[in-house]
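Here is what Swiss-Prot says about this protein:
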REGION    1-72  region 'Disordered'
COMPBIAS  1-12  compositional bias 'Polar residues'
COMPBIAS  22-33  compositional bias 'Polar residues'
COMPBIAS  57-72  compositional bias 'Basic residues'
BINDING   H183, H293  substrate binding site
BINDING   D203, D214, E413  divalent metal cation 1 binding site
BINDING   D214, H285, E318, E413  divalent metal cation 2 binding site
Amino acid sequence: MTASVDTKTVEGQINDLKIDSTESSTTIPNNGKQESDNEDDEVDESSTTQLSSTGDKKKKKKKNNKKKKKKIVSIDSSYPDGVFPEGQWMEYPLEINSYRTTSEEKRYLDRQENNKWEDFRKGAEIHRRVRHKAQSSIKPGMSMIEIADLIEDSVRNYAAADHTLKAGIGFPTGLSLNHVAAHYTPNTGDKLVLNKDDIMKVDIGVHVNGRICDSAFTMTFNEEGKYDKIMEAVREATYTGIKEAGIDVRLNDIGEAIQEVMESYEMEENGKILPIKCIKNLNGHNIGDYVIHSGKTVPIVANGDMTKMEEGETFAIETFGSTGNGYVLPEGECSHYAMNTGVEHLKAPSERSKQLLQNIKDNFGTLPWCRRYLERAGEEKYLFALNQLVRHGIVEEYPPIVDKRGSYTAQYEHTILLHPHKKEVVTKGDDY
């Protein structure tokens, strides 16, 4: 999902992370199995008149001039051997890890986890294709419901799983606008529409066998480049966090490096200079099987946390920048939920909430979900029972989190795998 929330409160390899379309190993088409760039390609088959070889006019057969939609097919059909594109490889930053690159023992250990890595790579390839479709299709005037359906239906079609727990959506699609930093997805009946001057964070989760790829980007439609600087600040801060991350690296050191880059930027609006701040109570996080926030948090400011990253862990490195207070609070109608872990001893307080809980377990397990997904799973008139589960600590709610009104926020995020010998930015693409 998006960042964990803490309510208590370069050249070099950074350049390597920037996309060179001639060198990227994770561009959307792979192994010559490219799909159309636009699954909604328009086919122009209107009637035309041509001359025959004798000069007589011949009328071409008139065909139906309708837009034809190309059906999205399972990602497996493009990779029948089950081997998916690798992400971007990077060496670990600390001197003590230099031996890992050439260690045969470390490479052997890495091969033992190959099924795990392939699950992540499959999810990442789905993610790249889905966001490619989103980036080419989303336009001002679309409703949030339309945008969410576009993204989520694409994930489901590419995953082509016979059960939500085998593969598919990793968490509700985040579509947070302007001062809303994270955890907004539309509930049924939401009338919110994307406007030309909005800045939208698009946070997409894809899982395969519970291995979650968590990656986010920011979209704008302002033709004057109003948001260019805040987007650049957050993108570069995320790249810095990825560069600094690695085995035995202290979490505080990553946050300190991110903050230095992020807060060196500012943007201008109507002649006024707006400093760009890290949203200090939002963090990256490690990812477990079927668990999006698995214990460790990766700060985006210096916070004194001396905890180290460890071999074999998976992290979502994400940063948020804001022109506001640089601090978020919950506000608005909740849409995001997840079952709490370690609460198996707690019992649902009513027969209806017991039925709802069983449906949640069957369809989502410990993966996050939203109200629209419950309705897709057949639930009706469930809000009272859902609120009971929340009050009893069985289900956790994640309402939208916002900075002050009138401010702007941006987000970029990638999932990284800490292999024994190198780190892999598995969700890297030719877009960001």
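Note that Cβ sites are derived from N, Cα and C of the backbone, with glycine treated the same way.
Between the C-alpha atoms of H183 (substrate binding site) and E318 (divalent metal cation 2 binding site), the distance comes to 14 Å. By neighbour count, meaning other C-beta atoms within 10 Å, the densest spot among the binding-site residues H183, H285, H293 is H183. H285 (divalent metal cation 2 binding site) has its Cα within 10 Å of the Cα of these binding-site residues: H293, taken from D203, H293, E413. Straight-line distance linking the Cα atoms of E413 (divalent metal cation 1 binding site) and H293 (substrate binding site), rounded to a whole number, equals 14 Å. Spatially, by CA atoms, the binding-site residues D203, D214, E318 include one closest to H293 (substrate binding site), and that is D214. The separation of D203 (divalent metal cation 1 binding site) from E318 (divalent metal cation 2 binding site), Cα to Cα, is 10 Å. Packing around E413 (divalent metal cation 1 binding site) is summarised by its Cβ count: 26 other Cβ atoms lie within 10 angstroms of its Cβ, all protein chains included.
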